[in-house]
């Protein structure tokens, strides 16, 4: 069985499959992805594969520099996005935006 390259919480699976979620914001541990990478995507909860994505762009961001566009690409409001990031990465202040398209 082939390993997944990146995982997402199951609650984001439907938005990714529908093309409503087109970025992910990660910490330094996942800052190595680069445009052109093709990644197998699994669910965080059970590592079950659900699609393949291609990385189209990467950039860095802080909570203070998040924009409404980032929120739109995550399919949530800016307030929701900041809250989710603080819940997942409570001790971090610098993040890595990975833009992608589903293949």
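Backbone N, Cα and C define each Cβ position, glycine as well.
Among the features that Swiss-Prot reports, domain 'ASCH' is placed at 6-100, with the record citing sequence analysis. Residues annotated as active site, proton acceptor in Swiss-Prot: 21. According to Swiss-Prot, the feature active site, nucleophile maps to 24, an assignment based on sequence analysis. Per Swiss-Prot, active site, proton donor is recorded for 74.
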Taking the Cα atoms as reference points, how far is the residue listed as 'active site, proton acceptor' from residue 74 (active site, proton donor) in Å? 5
When you measure from the Cβ of the residue listed as 'active site, nucleophile', which residues in the chain that are at least 6 apart have a Cβ under 8 Å away? 6, 8, 74, 97, 98, 100
May I have the DSSP-based helix, strand and coil counts for the residues of the domain 'ASCH' (6-100)? 33 helix, 32 strand, 30 coil
Cβ-Cβ neighbours of the residue listed as 'active site, proton acceptor' (radius 10 Å): 19
For residue 74 (active site, proton donor), the number of other Cβ atoms found within 10 Å of its own Cβ: 23
